[in-house]
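Record features (TrEMBL):
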ACT_SITE  A:420  active site, proton donor/acceptor
ACT_SITE  A:429  active site, proton donor/acceptor
BINDING   A:309, A:318, A:319, A:377, A:404, A:405  S-adenosyl-L-methionine binding site
DOMAIN    A:30-272  domain 'PRMT5 TIM barrel'
DOMAIN    A:283-449  domain 'PRMT5 arginine-N-methyltransferase'
DOMAIN    A:452-619  domain 'PRMT5 oligomerisation'
SITE      A:312  site 'Critical for specifying symmetric addition of methyl groups'
């Protein structure tokens, strides 16, 4: 699942009758593909297409023999004729245009070209969406819909949320894509002008299926050396789209410097790509898993496999923090009046293959405080590793206990209990239930590492995540299950229209035996119109005192890769206006044999309760 | 979908406590993987395994840290302890063995090793199959079941069909695999001895999921130069298994020549691989598509795409035969009394992108007989190609007709009608209906190319094909549809227990307007016990006089790749004894808008009618 994104840019030709030559020329200039009209321009007659395939003597377009299937399939984007207007008020014209539309689409599919390009010029798109979706039902053809970033494209622009309304192209697209039923075969080509736009204008598009940006040579100006350059705002827009691995399309002709050809434009875009925001270590680790929905692990119910342990043990941050926390706890115990130089009893519960045992041994060595370690683990396969390690590396000093921590009767009680039972949403791997069940192992003043953890929630806009749900069908579950189940996912093609808020907190030891059920209602304010597709979840944890680990976006433990965020979908995408408040309700429910979450939206429009009674998803106790 | 099979051979170790060293050693000797016991031998005590994961102080096996996940995952096959006997008469012993069995399986899954090896030593396998299938439901673990080719393995052997019965290991496997519900995660390792076996003994295994062969160094003898070699019969068995891309497993120690190490054995097997039966051109073309079920094309209902035309036009045999047939027909017409030097009218119906037009022009040039060509095609996208070709290559001499051949009113009548409307089963792309519908285009003495075609049928044994059906679920069709639908497939891991017989024949012109409905009952005799999973279909066609094309195995047009065979499944695998006669009924039904096949078995046991009324599969008219 690992593949590095590459810079890619195509050239937009209006029409060429010498396709092979155009392709050779543009390849020589450094372009990766070209965009050409599907049909010849002579087929427009007075705005009415009166050609039918049956009567014409001349061919509608160039022959498929002009290129090999391989070339059609990799190098050509086909533009649907721009004179085609499916919203025309005349029924006769509209029907004639629809016929031409299908002819061009059908020929594109015949040629196996990877995408056809359709322009969206206003919010009037009822017939376009209906005709397009009807066609897509029969084929695997992909369609790129070209939408301007702003309207008009190039006039000086001040984003005023209250005046935008129907003339905001994002609203055109949102209506069009809703009419198309969020069809996966449809993507966006964003047309970029020279206007300066605020960050929020482009941010909103980062949750949409944007595949390419289109920029005209007219948008470039000449720098001191005579080379074409873009203004800061446009650079920043393109940089945002590079994060989505968007390809470029260059339209227009060379005008900046006649001596230096069109190649200088592509070189400039390539330069922007090469200096784009650097990859983070986690992004590197997650490559290939962007927006890929995964079922959350259930380490309590299922035994983890060797390769899962192996991967998590490589986390460069988590175990350093844990060792630091154990060290601090040992030093604090040493300061207690009750400490008389005896071995501090440390129980590692859910020891897995022993990384926390190793950390405890190191902490003991570093502080000079001697410890007695019990490693409790319920997975018999990990027990084999622990026993081998105990013989070969730990000098048989660790007591290996093959048991569920909740069921074990200890020979003595613990001063410190160390566990790593946290999931992406904090409590979702049942850390609260396990640690509460292990409280009989503790001395009254025992320290728990971690001491507490909190889950966080934010609304999310992402057609990519929402569309991926349709692939998550499980015949053994209710039909709605994909839409009422949380997933673990590395977020990529998403937009968070409002900041995270804290949801549930758990602290340990839980001496009052407080219930682990929870209910919280959260309110989110929106700064602009958005379509939300659910909520994303994070956690942070205090291991001990001020030593924390976190995957919350603003307190993230940089370099830590053990957890991706959670995604809680909603059944229907929810259109939210900028003045709306979104109210969401979250429950954590605990049954006899399982734990589950339920969620619902109560404002601006009420949704049904998702995963009611744990019917679609639960975590086995 | 293209990947060349590679020689691969593993080494079987009984047990090694130094796994890393064993792996290095065997890699140095040229082995690709090793087979080692899952648990240490010390864990057998008096035939009873009294170890429980909870109480043992010592680890059951070596640590998972011994190798990286990558190495476990690619280089290790884990052998389940051979003392484990799940059919033991004592309940206590059986339960204890079952516990050990699950422990070893579970540890194998923990390690992500690609396969565990289990031995099948008799037909008593009720508990083994039950325990194994229960485990496989929870994991993606693959299991290799080792079965001897003959029993006993090495005694001199004469295959007597009537005496075999329960002591035939193929019968053990057949029972075991049926008890396992033909589970896809289970494959066969065939243990080969030194017995001479008849071809039919190994042939029967070519329909089973055989992944590897196992051969002992004891089976090798020394040649004149002191190198280890196998006898002719064993060579031939291994050669048959190479066709299924089987891997090797070498057991035992070097005994032939102490000076030359174990490497000489693997070199010998590699030598056998290098001289194995050569690939045919069709096998080359079909690589990656072996046993891959495809929906038959419906060129009448759907328009073919450019890449499909492109691929079929490359057939090195088909168009040569067609051109020869047109030549012959032209020469025959010239001999007629009615011929007066006028242009012979040739209509190419279903002209596609024009390969038969091209062939007709060549035939005209070669014979010096002038022709007038009409190219009739219903696909508007192919019409674009034909019109471009007519302008650029055919000097506008061809009349391009954009119409369904059944609906077109011609300006004059044809002397010759040429079509290529045949499918893998001959008539299954509705050539009979199309050509009958085009008879109004013909002069009374017109010649049809092709003149006739016949479908052929044979019973097939192939767990691979049968298991692939489960992946062919279409939610818009009845649940049983995958099992009552024909497929196009390149046959590979299959066994044909009886020769092909002719089924339906069609001739053209069909001046009497005979119905295209058909019913035929075929009878097949079996030479040995087999399990059949349906029927395979082929066709041959007389284009004109003695010029034929055929995909029937014994009259195959060598090098022709345009058609793979058909596979007609049956719902339940059918066990057939060698004396049984199999009676199968096939219908071709014609409705108003569709054509379909129905089939049933009436002996040795009756099946239901498959695809009754075309409920699962039909061809649109």
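Note that Cβ sites are derived from N, Cα and C of the backbone, with glycine treated the same way.
Just so you know, TrEMBL annotations are computer predictions that nobody has curated.
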- [ ] Determine the C-alpha span of the S-adenosyl-L-methionine site listed in the record, that is the greatest distance between any two of A:309, A:318, A:319, A:377, A:404, A:405, in Å to the nearest whole number.
- [x] 24
Task: Chain-internal residues near residue A:429 (active site, proton donor/acceptor), provided their CB is under 8 angstroms and they sit 6+ positions away - done: A:296, A:297, A:298, A:299, A:300, A:421, A:422, A:423, A:619
Task: Cβ-based isolation winner (fewest other Cβ atoms within 10 Å) among the recorded positions A:377, A:404, A:420 - done: A:404
Task: Residue among binding-site residues A:309, A:318, A:405 with Cα closest to the Cα of residue A:420 (active site, proton donor/acceptor) - done: A:318
TODO: Output, ordered by sequence, the same-chain residues six or more apart from residue A:309 (S-adenosyl-L-methionine binding site) with a CB under 8 Å from its CB, or 'none'.
DONE: A:352, A:353, A:382, A:385
Open item on the list: Same chain only, sequence gap of 6 or more: which residues have a CB within under 8 Å of the CB of residue A:319 (S-adenosyl-L-methionine binding site)?
Closed with: A:313, A:355, A:356, A:358, A:359
- [ ] Please report how many Å separate the Cα atom of residue A:318 (S-adenosyl-L-methionine binding site) from that of residue A:312 (site 'Critical for specifying symmetric addition of methyl groups'), as a whole number.
- [x] 9
TODO: Give the distance between the Cα atoms of residue A:312 (site 'Critical for specifying symmetric addition of methyl groups') and residue A:377 (S-adenosyl-L-methionine binding site), rounded to the nearest whole Å.
DONE: 17
Open item on the list: As a test of the contact definition, list every same-chain residue at least 6 positions from residue A:405 (S-adenosyl-L-methionine binding site) whose Cβ is closer than 8 Å to its Cβ.
Closed with: A:349, A:350, A:376, A:378, A:434, A:437, A:438, A:441
Open item on the list: Limited to the domain 'PRMT5 oligomerisation' (A:452-619), I'd like the whole-number average of pLDDT.
Closed with: 96
Task: Neighbour-count leader, CB within 10 A, recorded positions: A:312, A:318 - done: A:318
